[in-house]
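Remarks on the structure that follows.
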């Protein structure tokens, strides 16, 4: 994907560079640098301003790179080791983590280092490989986001139909198709990527398209396939999910008020027991309105029979309890789901809309785009797109209670704490007398030896 082609500035001007840079059909892979050579008149900046801009840029690159690599590696390890998290949704999250990790590793170092050095020193093979892997990683990440949106829509709003095909084997086939489709779609990148001199001892890894018309068609194709279509799919799917959850929230609120009114009128159930809430259908979702957990999405909430009986016997209907009532807990869980869905769609558009807009602008108006975006603007636009690689782990996984617990379990397994040694009694002290709690853990034979006799 043309993430890194806009800024044509390099460190230090060289003779003859203007003709090569301004030739139609040439687009650079390097996006940003500390220098100011471009097809247009360079901007005059003070040395202090340039150094401050470079320091901020390097710091942001380093922070985003470390967060992306660390967060996605943690996701891969946790999802790979935890059997409880091997679900259909988490299979897509694992693929998303791999693509985000590939985006961080294949894009960011090869964007920052050539701009700091002023030339591309890695050769033609690395140039073509980086260009290809960059496009594949962005395509896979975007298609995975759309696949997750469709999977969650099916699971929440069409659960009966989804149970037929929503299996891990089907998810594996979809993920494989996503990677193969992305690999085929990005074949033009290594074909039209070259390392070309643009000045004395200055090389650039660039996309050299056959014509300006081809470049425009390619930019529009990527804009449609990797932004508009996935964006519409995500917006519609999460909009329908939010609507479904909102209807469930309103129904639960009305049902809760009706239940409280009935309890006040009837004086409560015998013995102060609470009856389980009604099961109702709402747009294809089967809602159990009184029993839920933190991770519930409001559909197919099923609890073990023993837990159901304990809840039925111990949940009071009158008087405030120490924690939220089951119905209130369900409402809170649904609100968290709605908030997370809104954050997902917002992050997608915020991170990717500037990049796709800038690439399309440059394809149709190169000089105007270079005048407006050369230097820091396009560099920070690309940093914003890289932010998605570290934002996805935070949104999709670290907001999930079970994943947080799995992270703690994995860390405890990898770094076990040494057993604490019990302090030995001093010579003039009596040994500690076993307590009732410790005696209860002993066998009958051990307890009998401590009795009178």
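The backbone N, Cα and C atoms fix where each Cβ goes, and this holds for glycine too.
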> Which one of 7, 255 shows up in Swiss-Prot with the note N-linked glycosylation site?
Replying inline: 7
> Swiss-Prot tags one of 152-170, 171-189, 190-208 as transmembrane segment - which one?
Replying inline: 171-189
>> In terms of membrane topology from Swiss-Prot, residue 151 and residue 210: same side, yes or no?
In response: no
> For which of the residue intervals 257-276, 277-296, 297-316, 317-336 does Swiss-Prot record region 'Disordered'?
Replying inline: 257-276
> In Swiss-Prot, which of the ranges 14-35, 36-57, 58-79 has the transmembrane segment annotation?
Replying inline: 58-79
> With pairs 6 or more apart in sequence, are the transmembrane segment (220-242) and the transmembrane segment (380-400) linked by at least 3 Cβ pairs under 8 Å?
Replying inline: no
> Rounded to a whole number, how many Å is the Cα of residue 414 (S-palmitoyl cysteine) away from the Cα of residue 127 (disulfide bond)?
Replying inline: 38
> Do you know the DSSP helix, strand and coil residue counts for the topological domain 'Extracellular' (362-379)?
Replying inline: 15 helix, 0 strand, 3 coil
> Near the transmembrane segment (171-189), which residues from the same chain, at least 6 beyond its ends, have a CB less than 8 A from one of its CBs?
Replying inline: 1, 88, 91-92, 95, 128, 131-132, 134-136, 139-140, 143-144, 147, 151, 207, 218, 225
> 10 Å Cβ neighbour count around residue 414 (S-palmitoyl cysteine)?
Replying inline: 9
>> Applying a 10 Å Cβ distance cut-off over all chains shown, what neighbour count does residue 205 (disulfide bond) have?
In response: 25
